[in-house]
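Presented below is the structure to which this report refers.
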Amino acid sequence: MEFENPPPEPIRLHPHRAVRRHRPRKPTPIRISTTTWRLILFGLTALLLLILWAVPIVPAVALAGFAVALVLSFPVHLFAQVVPRGLAILFSFMILLAVLLLLAYILLPLIVSQAGALVTALPDLVQNLEQYLVRALRALHARDLLPDTPEAVAGRLITDIKDSLGVLANNVLGHTLGILFGTFSWALTLFAVIFIAASLLANVRSFKAAYLTSVPSHYRHDALEFWDALGHALSRYLGGLALVLAIQGGLSAAALFLIGVPYSLALGAWVSITAVIPYLGAWIGAIPALLVAFSISPTAAVLTGILFLAIQQLEGNVLTPRIQAQTIKVPSVLVFLGVLAGGSLAGITGILLAVPMLATIRVVFDFFRVRLRVAEAPGGEGSATRAPSGHR
């Protein structure tokens, strides 16, 4: 007797047990108190400040990249009207690199050579200056107006000048070379600055969108105005500053060459560096040039003094007021006081950041001046004044 295998029963799938797509689950909230959240924010802020303090090259390179991005924003915007934005950024950086290569291969070797020769000749220049001082002090000594002999007074003055020049050179060169060569090589630093600037320019729309998204919807129009005003003020200031540095450095180098003062390129480069300091830069830049001119002849010294007096008038009455009046809109006296305050607080770094900080403060002040309203006390005649919504 044969047994047949029974037919297999059909597999029945329960409708609720059918294969389903797993929907992503929402993250489970982790409840923390307000105090804990504030402590976390405080700890993260302290950690960030500690990192910036321990590695000062990071904020320096970041600020340099931000400044380059602001300066290049104008040519990028100009080129973007004709070509895609990516090509506009590429063209702008190609122009910047071409200028840097021109400076590095043509002007920089000449400036370094003249600066080295100037440092070598500095003792002889100071000796010549001491002879002129002795001659001038003898007239005062003849009228019993000096506490000591002309030679002793001149010797003390020359010693003070040598010490001041040494301290000034160590501060300027030490800070500059320390930033460029202290932690990374100059090539890596330059690459980092260019990379940061290119990233900011390429992703500016993403940053702008994230910034506007973080603002409540009824304030986004005002937030957009603040973004545009701050970027416009800083970019115009940096572009104008670059123009001022080029004008003062080029004008002084050409004029010193015509007067017959040696090391004109190195002295012009020094003038361009000190021109970063508003109002005081022209006077500081004149000191080495006058010292060298005295070694040539009194006539050359007088002509050099007239030259830098004219440069100071040009800077104080034409160049700097135009930049401040049309971009940062800060009175000249506040700029001068801000530079003094920045120098007292943070040295050369404070001097360099004083005017951009004033520009930022002015933009913030103008933004809130027309928007902030003081609410009336409860029980007043009218309802509390509401802040403008931004819809116009």
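Using the three backbone atoms N, Cα and C, a Cβ is placed for every residue, glycine included.
As recorded in TrEMBL:
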- 1-25: region 'Disordered' (REGION)
- 1-10: compositional bias 'Pro residues' (COMPBIAS)
- 13-25: compositional bias 'Basic residues' (COMPBIAS)
- 35-55: transmembrane segment (TRANSMEM)
- 61-80: transmembrane segment (TRANSMEM)
- 87-108: transmembrane segment (TRANSMEM)
- 177-202: transmembrane segment (TRANSMEM)
- 237-259: transmembrane segment (TRANSMEM)
- 265-284: transmembrane segment (TRANSMEM)
- 291-312: transmembrane segment (TRANSMEM)
- 332-365: transmembrane segment (TRANSMEM)
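The transmembrane segment (237-259) shares the most Cβ pairs under 8 Å with 265-284, out of the stretches 35-55, 61-80, 87-108, 265-284, 291-312. Packing against the transmembrane segment (87-108) from elsewhere in the chain are residues 68, 72, 75-80, 194, 197-198, 201-202, 265: each is 6 or more residues past its ends and has a CB under 8 Å from a CB in it.
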